[in-house]
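Structure incoming, see below.
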Ligand SMILES: O=c1ccn([C@@H]2O[C@H](COP(=O)(O)O)[C@@H](O)[C@H]2O)c(=O)[nH]1
């Protein structure tokens with residue numbers, strides 16, 4: 001299966017299905033807040049029924065009991081990956097895993113990964129706005145270690161931290177990296193960015209790509225170009 005997860009950040013169902021119809025095989029997609037808050041879990045079930053693998057990116061962050069109950073319900077959707085914010089702490093993360101076990105379909109729970117620091121966060125913003133006066137990479141690695149100790153399967157981080165996370169948490173601990181930009185892309189809200197080539201070099205397990213593919217003149221060709229890099233072809 002693909003190492004490239006395509007972020008389906010579209011505002012209409014029509015755009016989603018026109019996009020997916022370009023592919024004649026199942027791919028790995030990310031369904032986030034934009035689609036879920038517009039169309040509910042029905043769209044998750046529909047895309048799953050088409051055979052695509054799903055990372056349901058809802059980034060839970062609440063008290064442990066609430067997250068546990070929410071995860072129990074998400075597990076019933078039988079998606080491949082769900083996530084939460086590591087900033088919720090170890091008790092919340094452990095509760096999330098308990099909830100996923102309780103809701104597991106046929107004894108198999110979705111993988112659960114933790115957002116360390118959003119790829120749109122810079123060192124400066126983390127210090128001045130979040131009042132975390134530490135090196136951003138150190139913070140990301142500390143959150144990744146906490147996620148691992150709490151029973152999570154991996155983290156969302158930027159490409160720039162993936163190698164250090166594998167060194168600290170082991171090669172089997174998943175690094176899922178958004179903030180992927182092609183050399184030709186212009187600057188936007190993402191701050192900690194890297195190309196697919198660098199993601200491959202840094203050993204990222206899965207990359208998340210949205211606009212570079214979905215807004216490309218030829219999304220299918222761009223997807224295959226990126227996948228070829230990630231597969232080392
Ligand atoms: O730290 C994070 C966590 C999640 N995302 C999500 O990934 C995609 C990226 O889309 P692009 O268009 O390639 O920027 C988007 O859905 C985000 O919600 C992230 O970017 N960073």
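Positions of Cβ are set from backbone N, Cα and C atoms, glycine also.
Automated prediction, rather than curation, is the source of TrEMBL annotations.
Positions annotated as domain 'Orotidine 5'-phosphate decarboxylase' by TrEMBL: 3-226. Residues or ranges marked as substrate binding site by TrEMBL: 9, 30, 57-66, 119, 181, 190, 210-211. Feature annotation from TrEMBL assigns active site, for OMPdecase activity to 57, 59, 62. Annotation comment: TrEMBL describes 59 as active site, proton donor.
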Within 10 Å of the Cβ of residue 62 (active site, for OMPdecase activity), how many other Cβ atoms can be counted across all chains shown?
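Here the count is 16.
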Kindly point out which of the recorded positions 58, 59, 61, 62, 64 have a C-beta less than 6 Å from some atom of ligand 1.
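If the test is a Cβ under 6 Å from any atom of ligand 1, the answer is none.
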Between residue 9 (substrate binding site) and residue 57 (active site, for OMPdecase activity), find the distance joining the two CA atoms and give it rounded to the nearest Å.
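Spelling it out, the Cα of residue 9 (substrate binding site) and the Cα of residue 57 (active site, for OMPdecase activity) are 11 Å apart.
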Look up residue 62 (active site, for OMPdecase activity) in the DSSP assignment and reduce it to helix, strand or coil.
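Where residue 62 (active site, for OMPdecase activity) sits, the three-state DSSP reduction gives coil.
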Please report the distance from the Cα of residue 59 (active site, for OMPdecase activity) to the Cα of residue 119 (substrate binding site), rounded to the nearest angstrom.
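Answer for this pair: 13 Å between alpha carbons.
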Any idea what the model's mean pLDDT is for the domain 'Orotidine 5'-phosphate decarboxylase' (3-226)?
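So the average pLDDT across the domain 'Orotidine 5'-phosphate decarboxylase' (3-226) works out to 98.
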Please report the DSSP secondary structure of residue 57 (active site, for OMPdecase activity), reduced to three states.
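Looking at the DSSP assignment, residue 57 (active site, for OMPdecase activity) belongs to a strand.
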By a 10 A CB contact count over all chains shown, which of the recorded positions listed here is most packed: 9, 57?
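Per the Cβ count within 10 Å, the most buried is 57.
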